[in-house]
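Read through the structure below, which is laid out as structure tokens, and then see the notes.
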Amino acid sequence: MSKVTIIGATGRLGSFASHAISGIPHVDEVMLAGRPGRENSLMALSHDLTDSCAARGTGTKITWSTSPADYAGSDVIVVTSGVPRKEGQDRTDLALENARIIAPIAEQIGKYAPDAIILMITNPVDVMTAVALRYSGMEPRQVFGLGTHLDSMRLKVLIARYFQVHVSEVHTRIIGEHGESMVPLWSATTIGGIRISNLPAFSDLPMDEMVDRVKNSGSFIIKNSGATVYGPGDAIATLVQTIIGNENRILTVSSYVRSEVHDIGDTCIGVPARINREGVVPVSIRIEDAELAAFGASVEKIRALTRNIFEKMDELRSSG
Ligand SMILES: NC(=O)c1ccc[n+]([C@@H]2O[C@H](COP(=O)([O-])OP(=O)(O)OC[C@H]3O[C@@H](n4cnc5c(N)ncnc54)[C@H](O)[C@@H]3O)[C@@H](O)[C@H]2O)c1
Ligand SMILES: O=C(O)C[C@H](O)C(=O)O
């Protein structure tokens, strides 16, 4: 029996992610969680998703709750609660506002579902992953974020189109911040198993344009349609399936890094990590000098922002 809880289920991303998760094999229960006052909205969504499961011919049970005590028994808890950025904002602008929302939610998860695995989505996702880790009191392997998985998928599609190959032929990774300082790992990019730099067309590859497009993808979608929903929603479902199916895939997610990348770490940030039913563990890797310098800068940026947010949260809590 597997239970997946989505906290923030009434939001634009939360509701689509709930739909995507309800179609994963071996997920028996999807619990839609939200704040008191959202009962009608949660109930209506549960009816709609129950109809969807009936139409798909699956027997997934859809439940809902506004009580954190009902997090109990969850195998995975996906957190999408919080404010999204508006046109012109950077994800980091949301850090303190969303930390104030995520900290109490993480405390409740630590209290009622201490054996669950938390998948953090709220932005800025690397900092919110650290907030969830700190306030839940859970182990680093149990708390991870969507990180640069979606960015890696966005780059993969651009590379596949450029080389006119099926996306499954392309393997690539973006590590670091889910944001401006993200770092594409061209040294770990292959097409049909061949290192991309060994292909003659590599010298003409518009790498900077591709990475800029990935960096601007979220803001473009938000500006023109209000929110990013289907890309992150299906990416969330992939990660949940990887855990529930104990798949041992290596995906690029935000995870607490100690020293796995050339001894740089002590922060939550996007790195390749092995994901299974036990949780998420970063994989030790070696990367090229230029990539390492860029990753080091990204780690420093996120570590400083995270410390700053922790200090502000401590001040807010000590002043009552
Ligand atoms: N990591 C990623 O790749 C990624 C992708 C898309 C969205 N996001 C992030 O996910 C979050 C949600 O985005 P959305 O488009 O669904 O937003 P939304 O406004 O549609 O939904 C927000 C949800 O959070 C809840 N919420 C808001 N304030 C709250 C509070 N004070 N306490 C408890 N719950 C609260 C709302 O009830 C709602 O369920 C944003 O932070 C957004 O940036 C991250
Ligand atoms: O860009 C955003 O703010 C949403 C999300 O992080 C995304 O990349 O789609």
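Each Cβ is built from the backbone N, Cα and C atoms, and glycine gets one as well.
These features come from TrEMBL:
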- 3-145: domain 'Lactate/malate dehydrogenase N-terminal' (DOMAIN)
- Gly8, Ala9, Thr10, Gly11, Arg12, Leu13, Gly14, Asn98, Ile121, Thr122, Asn123: NAD(+) binding site (BINDING)
- Arg85, Arg91, Asn123, Arg154: substrate binding site (BINDING)
- 148-309: domain 'Lactate/malate dehydrogenase C-terminal' (DOMAIN)
- His178: active site, proton acceptor (ACT_SITE)
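TrEMBL feature annotations superimposed on the structure.
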residue	record	contacts (Cβ under 8 Å, 6+ apart)
Gly8	NAD(+) binding site	Gly14, Ala33, Gly34, Val79, Thr80, Ser81, Gly82, Ile121, Thr122
Thr10	NAD(+) binding site	Leu32, Gly34, Arg38, Ser41, Leu42, Leu45
Arg12	NAD(+) binding site	Pro84, Gly226, Ala227, Val229
Arg85	substrate binding site	Arg91, Asp93, Leu94, Asn123, Ser219, Ile222
Arg154	substrate binding site	Arg213, Val214, Ser217, Gly231
His178	active site, proton acceptor	Arg91, Asn123, Pro124, Val125, Asp126, Gly145, Leu146, Gly147, Thr148, Leu150, Asp151, Ser254, Gly270
- For the domain 'Lactate/malate dehydrogenase N-terminal' (3-145), the DSSP helix/strand/coil residue counts are 69 helix, 26 strand, 48 coil
- Note on the structure: Three-class DSSP assignment, Arg154 (substrate binding site), comes back as helix
- For substrate: widest Cα to Cα gap among Arg85, Arg91, Asn123, Arg154 in Å: 19
- Task: Average the pLDDT scores across the domain 'Lactate/malate dehydrogenase N-terminal' (3-145) and report the rounded value.
- Result: 98
- Note on the structure: Sorting the binding-site residues Gly8, Thr10, Arg12, Arg91, Asn123 by sequence and keeping only those with a Cβ under 6 Å from ligand 2 gives Arg91, Asn123
- Message: Can you go through the binding-site residues Thr10, Arg12, Arg154 and pick out those with a C-beta less than 6 angstroms from ligand 1?
- Response: Thr10, Arg12
- Note on the structure: Row Ile121 (NAD(+) binding site), column other C-beta within 10 angstroms, all chains, value 27
- Query: Max Cα distance spanning Gly8, Ala9, Thr10, Gly11, Arg12, Leu13, Gly14, Asn98, Ile121, Thr122, Asn123 (NAD(+) binders), Å?
  - Reply: 17
- Query: Between Gly14, Arg91, Asn123, which of the binding-site residues has the fewest other CB atoms within 10 angstroms in the structure shown?
  - Reply: Arg91
- Message: Check the DSSP secondary structure of the residue listed as 'active site, proton acceptor', expressed as helix, strand or coil.
- Response: coil
